[in-house]
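J.: For reference, TrEMBL lists these features for the protein:
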{"type": "DNA_BIND", "residues": "B:124-218", "note": "DNA-binding region"}
{"type": "DOMAIN", "residues": "B:2-116", "note": "domain 'Response regulatory'"}
{"type": "DOMAIN", "residues": "B:124-218", "note": "domain 'OmpR/PhoB-type'"}
{"type": "MOD_RES", "residues": "B:D51", "note": "4-aspartylphosphate"}
Number of protein chains: 2
Amino acid sequence: MHVLVCEDDELIASGIVAGLTAQGFTVERVATAGAARAMLRAATFDIMVLDLGLPDEDGLKLLQQQRSQGLEIPVLILTARDSVTNRVDGLQAGADDYLLKPFDLRELAARLQTLLRRVAGRRVNLIEHGRLAYDPSSRETFLGGQPVDLSRREQALLQALLHNKGRVLSSEQLKDSVYGFNDELESNALNVHIHHLRRKLGNGIVETVRGLGYRLGPADGGEDAP
Amino acid sequence: MHVLVCEDDELIASGIVAGLTAQGFTVERVATAGAARAMLRAATFDIMVLDLGLPDEDGLKLLQQQRSQGLEIPVLILTARDSVTNRVDGLQAGADDYLLKPFDLRELAARLQTLLRRVAGRRVNLIEHGRLAYDPSSRETFLGGQPVDLSRREQALLQALLHNKGRVLSSEQLKDSVYGFNDELESNALNVHIHHLRRKLGNGIVETVRGLGYRLGPADGGEDAP
DNA sequence: GCGTTGATTAACCGATGATTAACCCAGGCT
DNA sequence: AGCCTGGGTTAATCATCGGTTAATCAACGC
């Protein structure tokens, strides 16, 4: 899922990018309406997150203009102003949903998922790997067809691994994708989560590369009990 | 989109008709409750705009009576009175949204769009889910064939969940569908209603997804007492 | 064998949701 | 009008779960 985030505030933007990346989205971020326009021309996106208070141009203007040019992807508006007028204007201009700042990252992710599903109610991005299947949109994990209950951190971990099939991820990298970039964590919490993952999905899923980190096990082998 | 506008003031009515027509709506306009009744009998509408200050009959009376007869299209109420009581009355009587006079035409159009979008796809008459059945037109709920008495909020909650089978709805999203957009609610009222729902329908109906929200339980399992 | 690295386990803590009770308000009834 | 009832909201308390920590154990490399 390709998301275009248009937000000028550095702090907020980095939060969004980190959060959505952790949720399995591929995120491009721009800070101005001009840049957004360029990005929209250059690539195709599945959904867009648009802040209204941009430096160079009113976000609504941008939206309206893009809509009139045939932009059809769902757009979620971020706004700090909480007046009714703005909300109405937003919907009128072609927004599909809105979120008032400050907002919860999980809330944002949830709304994006809902929007995506509304447009195309299918299971698009089911990630499969051997007996394992993961659906980011419903946040469901299946092992040999059976649903498996994973906690938030376990999911994040699994996603990071699935997104980098075959590659070795260092603890630092994993930490970045499971926690934000900011959080400091000085403990073996990651180890513990890896352990939980293995317990739930079988030992073959996560491979240890001593001294370097972890990587996803081979798709075929690595059954639970060999 | 077929809209029924029930408004006695000529000036306002013509404004609405002009505005909505320009927006692409097909508009029928009547000036009295009696005429509205006739129209509703004669044709099918997608949405209704209802003024409360009608000459022959109270608009709320009309709404209530129509609702009790199975009218299920969204109804937006127009009212000159600005007391909170009236708004509550309106929602109670079965309105889906309300607008205070004087209002902005764009706002009216935007609200109608929102209403339509909210109910789009909910055209089926009986929603079934495992032992559970819900009839939106009569607003009746059945569990294993037995009617269950649900309060207004409980119904709204159940409806929102049924309308999004399998999806996780955040409390924000649920709040939006149970309460209007405007009402601010800073309490765990939703939790309480969920609790009531479970008490009445059994624990399997509503699933908690920790940190994310709630979703409808699986259709098969989740009996009351396993 | 020794040290380092990762695995495992149990304990603790905080966050989140569930539960319950009290209160408030509106509507219906007398 | 005044009372009564019931749903809705608030708030306070309880329970549970997940996350982190830390301590111990096993494996691997030297």
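From the backbone N, Cα and C atoms, a Cβ is placed for every residue, glycine too.
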J.: Mind checking how the DNA-binding region (B:124-218) divides into helix, strand and coil residues in DSSP?
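T.: Helix, strand, coil within the DNA-binding region (B:124-218): 33 helix, 23 strand, 39 coil.
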J.: Just to confirm my parser: what is the rounded mean pLDDT across the DNA-binding region (B:124-218)?
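T.: Computed over the DNA-binding region (B:124-218), the mean pLDDT is 82 on the 0 to 100 scale.
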J.: Which ones in the same chain are close to the residue listed as '4-aspartylphosphate', with CB under 8 Å and 6+ residues apart in sequence?
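T.: In sequence order, B:C6, B:E7, B:D8, B:D9, B:I12, B:G59, B:I77, B:L78, B:T79 meet the Cβ cut-off.
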J.: DSSP three-state call for B:D51 (4-aspartylphosphate): helix, strand or coil?
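T.: Strand, per DSSP.
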